């Protein structure tokens, strides 16, 4: 059974447990959590979704490694075993092609398997350290957008009336301003660095979640168990948090996974335009922007960051599609 | 009759959204630190010169006064003047750049629709066959690839290595032949316009192609499961006719929604595509405006995007009735 379907019996059972206890106290595993175990099993059985999970796992691993080394160890690992991602090396040719290829600057060397950038830094190492930006901002922004959007959408859907009107008009307004333009204006106003990229992208993704959860909540709130909860005096806040949101959440989870991909693309686009991680901190979009000046002599420089973005986003899209299939068998293709 | 009233009601509902857009943009742009007058005449300029410019563009007045003045102007169709472009009316700058971006968007959507709909139908008809797998992989890559990277790769291959397509700017098909390099006749201009448009359209259109293909496929699959399709088959209607007459039209409603929403989001995507190909369109205009704190120009362009979005959504909703006559716009619609 998926988390968003509620057959006739479950709510009654739920109602009984709730009436017996303090209506505001949490109960044992809810319907939603049982559904989760099932969903995970389904995902695991789906070959393409599993591939997506591996990709996400791998990229998360890289990002955690890069974060630990840069934030906690001050690049100790990079300096000991790798090349420093931010410092110009001494004696390395700039714009070297990948190992096995040749260009006007020389032949690729095994020490720099993907080649070097315009300042002689190792591209592979910079890609690895760039992963932390894509992953933190992509996941972080989606997380914030998800929480805010769910709150707004659930409140609007549950109360209806003028609350709904006001909230949804605001959401529509944000939605009507092009995503990238909104984030760029926001970042110009408050700061060009990563934190603001994350907050900006988060705000811009609120409408997606708010509209989705509202459309679900509007139908879920008509269910008998919601009426029952109201009848026994459960507070509105608890009805929204414990009943409405868990029972409306399935499509939101799917959307959130896909949105991480969209947000990673947005963050890359922002960095490409110069809004985001500032040099020398490497990010994929910024590497692509830097490579633009050298596309003729060394096209490889432009190839790698794009592949890194592509692979990461594919990972999230595969898992998102797998989740959709698992949570909503009607949609299965 | 229902349709006219529906349209009117939707337009009225859009008014608060547009006021909201103007307000949000106004506040955002005014939160940008720094002084646009200072940016305009340079950091070394004397203070009284800066003050003169501030006075000229009304920047010395309090925030709320400027907000009200701006809003009253907008209501009367006056979007103000651009400080960065030497006091040129904002609406003129928009109208100057708009055809370029519209052309880019239109050609991207032609590319997206022309490729996505046949592929989506093929994919649905031959479900789980190799052609379906290939289409689905194309769609997956399409939604996962950064558009601007596609642009860079196309430039590397087709401009730098094969040297067959130009890497920068656009040529408008209605441009005067004397202004277009290497063109003497109208035909030359059209040809130049075509080859200049090719790569930017693919760059901007790939994402939309992928999104439309996915929805076309799932929508067709859904419709092909319907009993009336079985009935048509039982009557011996040829498979081609079933696809064309019975399935296709009924499957287009969700596709229309996606196309409508994508059309409006394409304005944002144009920013990146225009940057990659050095095209002077609306997208780059907004970025220039933001970077130079050209308040009125930022607000004018965003508001313009907003209006396009709102109108686009309404047209999409109206188009439902055209595609599916069962949809009605009576009181309970919405």
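In case you wondered, yes, glycine gets a Cβ from its N, Cα and C as well.
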Legend entry - transmembrane segment according to TrEMBL, located in which of B:166-188, B:189-211: B:189-211
Inset, instruction - Please indicate, using numbers and ranges, the residues of the same chain that are 6 or more beyond the transmembrane segment (B:12-32) and have a C-beta under 8 Å from a C-beta there. - result: 63, 67, 70-71, 74, 290, 293, 295, 298-299, 302-303, 306-307, 310, 314
Inset, instruction - Using a Cβ cut-off of under 8 Å, list the residues of the same chain at least 6 residues beyond the transmembrane segment (B:189-211) that approach it. - result: 103-105, 107-112, 115-116, 138-143, 145, 147-148, 150-151, 154-155, 158-159, 165-167, 169-173, 175, 177, 180-183, 258-259, 262, 266, 269-270, 273-274, 276-277, 279
